[in-house]
Structures are given as C-alpha cells and as structure tokens.
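Before any comments, here is the structure.
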Number of protein chains: 2
Amino acid sequence: MSRTRTAQLMDGAGLARRVVEEASDRAAEVTRRSGATPCLATVLVGEDPASVTYVRMKRARCAKAGIESRLVSLPAATTTAELVETLRSLSRDTGVHGILLQHPCGPHIDERAAFEAIAPEKDVDGVTMSSFGAMSFGLPGFASCTPGGIMRLLDEYDVDPAGRHAVVVGRSAILGKPVGMLLLARDATVTYCHSRTSDLAATVREADIVVAAVGRPRLIRGEDIKPGAVVIDAGYNPGNIGDVDFDTARLRARLITPVPGGVGPMTIAVLLAQTVTAATTQLGLVRG
Amino acid sequence: MSRTRTAQLMDGAGLARRVVEEASDRAAEVTRRSGATPCLATVLVGEDPASVTYVRMKRARCAKAGIESRLVSLPAATTTAELVETLRSLSRDTGVHGILLQHPCGPHIDERAAFEAIAPEKDVDGVTMSSFGAMSFGLPGFASCTPGGIMRLLDEYDVDPAGRHAVVVGRSAILGKPVGMLLLARDATVTYCHSRTSDLAATVREADIVVAAVGRPRLIRGEDIKPGAVVIDAGYNPGNIGDVDFDTARLRARLITPVPGGVGPMTIAVLLAQTVTAATTQLGLVRG
C-alpha cells in the first residue's frame with residue numbers, strides 16, 4: 001500500500017530519447033531536401049576535464065542523430081576578444097546552423113560578451129539576451145536548453161502551469177531566470193527564490209511546482225514539499241545528487257524527476273532538436 | 001494618535017523634481033563641454049488624444065530641462081515597416097541621443113518589431129529586449145522608465161529589497177516583468193502575480209513590498225496589505241485611481257506611493273535622466 005503514495009517518476013531519459021529520435025528524423029529530412037546537413041559548432045576554451053567530457057558527449061549525440069558537429073578548440077589563454085571574433089565568424093558561416101559555447105569558459109573571459117556574439121538565429125543553446133527576451137515575452141526564439149527541457153517534461157506529464165504557484169529556486173541566467181519566465185509565459189504564478197531568500201522552506205511549502213536549480217545537494221527537503229506537488233530537480237551536484245532530497249520528497253510529491261535520468265538528458269535533447277530547427281529555418285525549408 | 005499609524009507617503013513628485021534638476025545640470029554640462037545639446041526623438045503614430053497629451057508633456061519637460069526634443073509625427077496609417085525604418089534612421093542619426101516610441105501605437109503595428117529597431121544605446125525608454133536582458137542580468141543598460149523610477153523611489157526611502165519578499169502584480173513587458181527583474185537583481189525574493197493567479201489576496205498578504213502594476217482600479221485592498229509593508233502603486237486608471245485602495249492600504253502600510261504624485265512623475269524624470277546619460281556616453285564625455 002505504501003508504494004502507491006510515492007510520486008510518479010518523470011522519465012526524462014525516455015522522453016529525451018523520443019525528442020532525439022524526432023530530431024534525427026527531421027535532420028534526415030533536411031539533408032534529403034536541401035543536400036545540407038544540420039551543423040552544430042561547439043566552441044571549447046581550454047581543457048577543463050568536465051567541459052571536455054560534456055563536449056565529447058554532445059558531439060557523439062550529434063553524430064548519432066545525423067547532425068554534423070564542428071569542434072572549435074581554443075587554448076585556455078584565449079582572450080574575450082578572440083573568442084568573440086570566433087563566435088562572430090561562426091555566426092556568419094552559412095555552413096553552421098547552431099552555435100554552442102561550452103561554459104564556464106574560465107574567469108578571464110567575459111562570458112556575457114561572448115554569448116552576445118552568437119547570432120540569435122544560431123543560438124540553439126538559448127544563452128543570448130535576445131533569446132532570454134524571447135522566452136520572457138513569449139516570442140519566437142530558442143529556449144535555454146535545460147529550461148526548454150523542463151517545459152517539455154511538464155507537457156509530457158500533462159502538468160499545466162496555468163494558475164499554479166511555481167517556485168523556482170535559483171536565478172542563474174541560463175537556468176533559474178529563463179525557466180521562471182517560461183513558466184510565467186504559461187500563466188503560472190512564479191516566485192524566484194535564491195540564497196538571499198529569508199525563509200526558503202516556507203516558500204517551497206506553498207509551491208504546486210518546485211523547480212530546484214541552485215546546485216546545492218539536497219537543499220530542498222521532503223518535509224517542505226506540498227503534498228501532491230510536482231518537483232523538478234535541475235540540480236547538478238557531484239555524485240549524481242540533486243538539489244532535492246529525493247527519498248523524502250518522493251513521499252509527498254505527485255510527480256518528481258529522478259537524478260540522474262530526469263532533467264539532465266532533456267538538455268542535450270533540446271539542444272539537438274533546436275539545432276535541427278535552426279537548420280530548417282536557415283536553409284529556407286520553412287518560413288522562419 | 002491615529003494619524004501616526006498611517007503610512008508615510010513616498011513623494012514621487014518631489015523626488016522627480018530633484019532627478020530632473022540633476023539631469024538639467026548634467027545636460028547643461030554636456031552642452032558646455034561638447035557644444036551639442038542632448039536630444040530626445042519622440043515618435044508618435046496617429047493622433048490618439050492621450051498619446052498626444054503625453055508627448056506634449058514630455059516635450060515641455062525636455063525643453064525645461066535643456067534637452068532638445070525632436071517630434072516625429074507619423075500618420076495613423078503608418079505600417080510597421082515604415083515605423084521600423086523611421087526608428088532605424090533615428091538610431092543612425094548622430095544628432096539624436098535617445099529615442100522614445102510613444103505607445104500603444106495601434107493594433108496594426110507590431111510594437112515589438114518597432115521597439116527592436118531602436119538602437120540599445122538610444123533606448124532611453126528601456127523597451128528593447130536588450131534593455132530587458134540588461135535589467136535581468138544586472139548589466140549596464142537603460143531601465144524601463146517606470147521600473148527604474150520605482151527603484152529610485154525605494155532607494156530614496158532606504159528600502160533595501162535584499163531578502164524581502166516582493167510581490168509584483170502584473171507582468172507587462174515594460175512594467176511588471178522588468179520591475180520584478182530589477183528587484184530580483186537587488187536580491188528580493190520576487191513573486192509575479194497576474195490575472196491567472198489563483199489567490200491574489202493571499203499572495204499579496206505575504207509581501208514586504210507590493211508593486212501593483214496591472215491597471216485595475218483598487219484591485220489591491222488594504223486588508224490584504226501586510227502591516228508594515230511598502231506599497232508601490234504603479235497603476236494607471238481613469239480618474240487618477242491607482243491599483244491599490246489607497247485609503248485602506250495606508251492604514252497598514254509603512255510606506256505608500258500616492259496616486260497621483262507617486263510613481264507617475266518618476267517615469268518622465270527617469271526618461272530625461274537617461275536621455276542625458278545617453279548623450280553623455282554617445283558624445284564621448286565618459287567611457288560608455
């Protein structure tokens with residue numbers, strides 16, 4: 001009997017597979033119709049092991065999905081100006097449809113300046129201010145990949161944010177802020193919490209939808225989850241530990257993303273899907 | 001004795017005068033040092049009486065502050081493409097330092113497309129996505145004028161948003177959304193409410209800072225104001241009625257903006273101040 005009270009798991013891994021399959025089919029269609037293959041350029045500064053691993057993984061996924069991937073590896077000593085010039089050059093390159101700047105780039109790089117050198121129509125990672133504006137104002141544009149993946153997960157499990165109270169814990173430029181804006185665009189009442197929030201637990205207790213995106217292991221405890229809430233754990237912490245204490249939260253939530261296998265796989269899936277969409281638009285196969 | 005329990009009024013009219021005086025001094029300094037006068041171009045589409053009045057008022061205030069104002073009056077039948085071309089041309093015109101598109105422009109105009117034709121460095125009304133991104137990410141850029149004015153008012157009355165719960169009622173692109181982002185950048189916990197919020201009164205009751213920006217007369221009732229809260233009424237309704245029921249809210253708030261004379265005067269003041277700042281930067285009088 002007690003098992004029936006635990007939350008249903010939101011299977012991000014499974015959904016991501018389907019999203020990638022669909023992207024792969026669309027990529028093949030692009031190639032068939034235009035002769036060109038959708039191409040994602042990935043820019044890597046330095047040789048941070050985690051970044052190298054992420055990039056390798058993304059390139060392998062591209063290859064499997066029929067998306068060309070071009071790796072631009074720059075030395076760790078690359079300046080912001082050089083990085084900006086590289087990104088501008090890729091923005092002009094008609095053979096490249098999507099651009100991903102692997103970040104963090106290192107403390108000597110002005111990442112915002114670098115992001116803004118990416119043409120909005122190639123910003124398949126959704127990091128430019130233009131993409132953020134589009135997400136905020138409900139305009140066409142690419143979502144940041146993790147927030148976009150979270151919205152796909154909610155849709156997949158028929159969670160309509162309209163009129164629900166969504167509490168977003170974390171306010172980063174690529175995760176907390178945009179996911180809040182996407183939820184607001186879908187008519188949720190949205191609260192942004194962060195390190196300066198005076199009573200995080202009390203705020204989380206009022207949430208119909210919790211999005212944890214702060215990178216602090218098990219910060220959100222099960223006792224603070226409102227019974228029946230939807231819990232999205234976008235936390236990345238060493239040892240595959242999320243921002244939510246999964247074992248206790250699942251006893252109160254209605255739906256919950258596991259870590260790993262929840263939000264994580266959606267990020268690359270959305271990246272690939274958006275790359276194919278960018279290619280489709282840029283190659284004139286649909287009206288942009 | 002009962003008078004001591006009513007809120008202190010936040011004197012936007014007085015603060016706005018000081019902001020304009022300071023802008024006027026800076027404008028004179030720009031003229032003295034560069035020989036050029038800060039210039040605001042105002043673009044008006046059609047002859048909506050309210051818009052004509054606003055534009056006339058803004059031009060009079062410019063003149064008084066030593067800011068040149070250039071009026072570009074376009075016929076009501078102007079297309080989006082024509083309006084965009086006008087705004088692009090003003091963006092290129094080195095004699096113009098700030099651009100204001102009086103809106104709403106009418107239902108046949110794509111206002112977002114028009115706004116985006118304004119160069120970010122001349123967007124002294126803070127309406128472009130680039131300005132919104134800057135407000136959201138704490139980067140240099142111009143604030144939307146009313147949100148910028150609200151932040152000035154909070155500062156003037158030593159209200160530090162850090163760690164406080166700010167509830168923003170309304171989510172428009174030029175008011176609700178940016179003021180929430182500015183409060184978040186100042187470390188408030190921020191909740192966005194709107195027409196789809198399921199229990200507005202309950203949410204408002206938890207607010208240390210209430211920003212009403214929805215345009216519904218007396219929507220926020222005094223009984224829903226937390227005792228000691230700061231109440232910012234940015235509502236515009238006919239008959240000088242705010243979104244807050246002032247007479248009851250002032251009995252519970254610690255600080256409250258009157259309508260008129262609260263937020264309203266700050267909007268033009270910030271517009272003028274930002275125009276002078278834009279001129280200062282564009283004329284090379286400070287590092288941009």
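Placement of Cβ uses the backbone N, Cα and C atoms for every residue, glycine included.
These come from TrEMBL:
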type: DOMAIN; residues: A:10-125; note: domain 'Tetrahydrofolate dehydrogenase/cyclohydrolase catalytic'
type: DOMAIN; residues: A:144-282; note: domain 'Tetrahydrofolate dehydrogenase/cyclohydrolase NAD(P)-binding'
type: BINDING; residues: A:GLY170, A:ARG171, A:SER172; note: NADP(+) binding site
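This view paints the features noted in TrEMBL onto the structure.
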residue: A:GLY170; record: NADP(+) binding site; Cβ within 10 Å: 23
residue: A:ARG171; record: NADP(+) binding site; Cβ within 10 Å: 25
residue: A:SER172; record: NADP(+) binding site; Cβ within 10 Å: 17
Binding-site residues near chain B, Cβ-Cβ under 8 Å, from A:GLY170, A:ARG171, A:SER172: A:ARG171
Remaining residues near the recorded NADP(+) site, that is with C-beta within 8 Å of the centroid of the site residues A:GLY170, A:ARG171, A:SER172: A:VAL168, A:VAL169, A:ALA173, A:LEU175, A:GLY176, A:LYS177, A:TYR192, A:HIS194, A:ALA213, A:VAL214
DSSP-derived helix, strand and coil totals, residue by residue, for the domain 'Tetrahydrofolate dehydrogenase/cyclohydrolase NAD(P)-binding' (A:144-282): 54 helix, 22 strand, 63 coil
